[in-house]
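Features as listed in TrEMBL:
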REGION    1-21  region 'Disordered'
COMPBIAS  1-10  compositional bias 'Gly residues'
COMPBIAS  12-21  compositional bias 'Basic and acidic residues'
TRANSMEM  69-93  transmembrane segment
TRANSMEM  127-145  transmembrane segment
TRANSMEM  166-192  transmembrane segment
TRANSMEM  212-241  transmembrane segment
TRANSMEM  253-271  transmembrane segment
TRANSMEM  291-311  transmembrane segment
DOMAIN    369-404  domain 'EF-hand'
TRANSMEM  437-454  transmembrane segment
TRANSMEM  474-497  transmembrane segment
Amino acid sequence: MDAALLGGGESSSRRGVEGGRRAYKRRSDAIAYGSPYQKAAALVDLAEDGSGLPEEILNLPNIEAAAKFYFIFIRFDFIWTLNYFALIALNFFEPPLWCSNALEISCSDRDYYFLGELPYLTNAESLAFEGVTLIILMVHTFFPISYEGINLYWKNHVNKLKIIALIILVADFVVDIIFLSPVSIVSLPLRIAPYLRVLFFILNIRDLRDSLVVLGGMVVTYLNVLALWLLFLLFSSWLAYVIFEDTQQGTTIFYSYPATLYQMFVLFTTANNPDVWIPAYKSSRWSSLFFVLYVLLGVYFVTNLVLAVVYDSFKSQLVKQIAEKDRMRTRILGRAFNLIDNNAVGTLDKKQCIQLFEELNKYRTLPKISKDDFELIFDALDDSRDFKINPEEFNDLCNAIALKFQKEDTEPWLKKFPFYNSSLSETLKGLVRSPKFGNGVAVLLLLNLVAVIIETTLDIQNNSGQKFWQKLEFIFVNLPFLSGISCVHFKVQIIFVQSFLVRDDLV
């Protein structure tokens, strides 16, 4: 939930004072109690990964008090996570409803029931296990009210779903206790708790929850295209039932509409193709045209149509989710900008940005920024070239930090020798920079491949002629190596030096 600072030295592994400022081990600490630059850096890191102190809390006037309860909440994050895995594990260890003492053969007889090797808990152990996990789950569900407030907590639809599921889970637990008590219910056909445990597991893991939201947004589109596929199947089955009514195909396989519907459904998957239409083919070869046309339309048109519609719906839902995350990032970056812009001039200068970059180096989400890249990142953000960063330019901060800036080539060490500027050296540099040099190395690599193939073939045949090809292969391997050395010394940026083949040869 909460992201800690990078473990890059003493400054990030302890809580103390650095350069007159207090160093905080947690991002949320920096947001609540840090200096403006520490708060801004923590907000930038929060904007990048979206996990940590909820964004809505930043609007609260008593953020310090809310953060205090939030820190208590995240200190027990290990217990919350362990509890959710315990809820899933309980599904495998609790005895099923049909497993009672009245059975002639006990459920512990795995050879009879084929239930695997996991031992079942007793009824008392299962109730105790479920009761403990349920109490922890209730605390974890309602604790955010202490730092979010009831109004903010109830605005979240996920929290509403959690409370509804929790009420059903408690009711199911009470019914199960009554069922196992001496005053028992006669029968309990179903328990909803195993399914709700999986639901809670999904709702409390952000990636799974986001995936569930995407799938939920696709339901309407999926049902529409599923209705189209079902209409195609129903119409094709009716047509097949009518066409082959008085034929051998109709009397043996398509003897009723439900049977025809089932066989055509299986044929849609091509699992019974061509077995299902062999009787019709024996009667008349022209009958095969119906089935061939059905398979072509079903497999190559309807299936691709369903796949295309589902993928397009998935992509549109994913775009909506990404757009919402971008809006959240923009809002948080706007807060970070306003914290640094203490004079409300609407822009940040280079000194302010560099001080922010220094604080950002303490966080784990964004790449570590070297001091050599501070000014490069500032220049990348400064689209207006006025040596100031406005809010619109500041929104690209996370992307600019992730950029890999190409370093300028340093002067080759051969330049200090007189030979480097001689006519022979200039001729060699011109040759290396020319396209012919690259083409020549490519030809050498191809000849090297031919030599390797011939040499290995002769080696398999135990032919003595392989010695000649081994020597030739040695020459072809070393020539590209020498060409690579010359390119490095003369600082030539040519494509074949950066290609995989030459790098592989050099290795």
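Yeah, the Cβs are placed from backbone N, Cα and C, and that goes for glycine too.
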Two-stretch contact, the transmembrane segment (212-241) and the transmembrane segment (166-192), at least three Cβ pairs under 8 Å: no
DSSP-assigned states of the domain 'EF-hand' (369-404) in counts, ordered helix, strand, coil: 21 helix, 1 strand, 14 coil
Taking all residues of the domain 'EF-hand' (369-404) together, what is their mean pLDDT? 75
